[in-house]
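Peer 1: Quick one: structure below, then a few questions.
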Amino acid sequence: MKLKYFGTDGVRGVANQDLSPELAFRVGRAGGYVLTRHSERKQPQVLVARDTRISGEMLENALIAGLLSVGIEVLRLGVVTTPGVAYLVRAQEADAGVMITASHNPIKYNGIKYFGGNGFKLSDELEYEIEQLLDAEEDTLPRPSDAGLGTVADYHEGALKYTSFLEQTVSSDLEGLKVVVDAANGATSGFISNLFADMNVDFIPINDQPDGLNTNLNCGSTHPESLQKAVVENNADLGVAFDGDGDRCIAVDNEGNIVDGDKIMYICGKYMDKKGLLKKDTVVTTVMSNLGMYKALEAHNLKSVKTKVGDRYVVEEMLKNGYNLGGEQSGHIIFLDHNTTGDGMLTALQLLSVVKDSGKTLAELANDVTTYPQELLNIKVADKTTAMENQKLKEIIAQVEKEMNGDGRVLVRPSGTEPLLRIMAEAATPELVHEYVERIGDVARAELEVE
């Protein structure tokens, strides 16, 4: 079931070009209609939110017009994080939620992401139904002119409700911690003051003045350099950085070192296990997590399960097998006991709570994980679908793995989106890892490279 409009994260594109207001209207209209067919209510209720990028209001208004045209009751949340929408859909018992964001991508992009009433991404089946309507030659959906049209109301209490929910996910306040908070000039900007003040944190906000054009710009979880500097200059205990829509969190320890998603999962997983809260003693990760994290988990008798790259696959695995902690190196971390998607502010509170409760510094807690040097090589290939069947490629991979003898790993896989073969290796030293990647790369070039 290949979808034309919906990618792994909803409908994405360059705002006002690929993702035009006209398309947003149609996505609202088609999505709204599909919901009316599956809802028990006479008038389905949908929550709509956006991040801080300048195109958000244009797309929000177009999308809402589409929803109203097929009779949906819309509650407009304004600027709220993606996980905020996922939580509020469930708390409000709405039929769906829609988030307008392109997450960590550059400002010219935007996207439309639907959540079902359960707070998870819409099912593939429902997305397929919406696609069928978007692709139809003519729009035959109902067009009421009076009774049967939808209504819209601002729902500012939503943000307060979400903040109170976050606060009750940790058992005590966080007094005594000094923390720098980087809001990426994104959707968390309006939340951090209330949240961290309520938790009695001595906090220093940075990059919390969105102007519509500065979301993620040299700041936030994808550019933590300004956070590293601020933590050291302010002699803070640690720093946390979110991304544009608030579904990621990366930390910086008291010495100014980056503590990525792998290390955060390890620290929180070990703590949850000690408290008897980690289901099946297991952390769910993607294949891109660092070998150092797996070794640290093993040293504490904790298990891990690997999925394909993408937080949706992590969530699928967690739901299927009853795990409650998982995530990605990039900082999408899912605490399934609390929320249905990666949640940056929730992750930050859990991490701060562990730091306070342990009495250790973040640097000490992260020290258990020795990050192995990692190198990634992309090679353009003629046919990525058959690349992995090449005998010589299989042989060199097996040879390298034998030489590593458990102190390193190789991951060779076709790109999900481009005609590339991705060769990733981790080993004890940068020199070794470079040698391994190049040896596999040489064979791939000779056997598979585009002429």
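In case you wondered, yes, glycine gets a Cβ from its N, Cα and C as well.
Swiss-Prot feature annotations, pasted as is:
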type	residues	note
BINDING	S103, D243, D245, D247	Mg(2+) binding site
ACT_SITE	S103	active site, phosphoserine intermediate
MOD_RES	S103	phosphoserine
Peer 1: Which ones in the same chain are close to D243 (Mg(2+) binding site), with CB under 8 Å and 6+ residues apart in sequence?
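Peer 2: Within the chain, D243 (Mg(2+) binding site) has Cβ neighbours under 8 Å at S103, H104, A184, G186, N216, G220, S221, T222, G331, G344.
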Peer 1: Neighbours of the Mg(2+) site S103, D243, D245, D247: Cβ within 8 Å of the Cβ centroid, same chain, sequence order.
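Peer 2: Other same-chain residues with Cβ inside the cutoff are D51, T81, T82, T101, H104, G186, A187, F242, G244, G246, R248, G342, G344.
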Peer 1: According to DSSP, which kind of secondary structure is S103 (Mg(2+) binding site) found in, if we only use helix, strand and coil?
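Peer 2: Where S103 (Mg(2+) binding site) sits, the three-state DSSP reduction gives coil.
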Peer 1: Can you name the residues of this chain that are 6 or more positions from D247 (Mg(2+) binding site) yet have a C-beta less than 8 Å from its C-beta?
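Peer 2: Those within reach of D247 (Mg(2+) binding site), by Cβ under 8 Å and sequence separation of 6 or more, are T81, T82, P83, S103, D311, H332, T341, G342, D343, G344.
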Peer 1: Per DSSP, D243 (Mg(2+) binding site) is which: helix, strand or coil?
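Peer 2: The residue in question, D243 (Mg(2+) binding site), is coil (DSSP, three-state).
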Peer 1: Across all protein chains in the structure, which of the binding-site residues S103, D245 has the highest Cβ count within 10 Å?
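Peer 2: The residue with the densest Cβ neighbourhood is D245.
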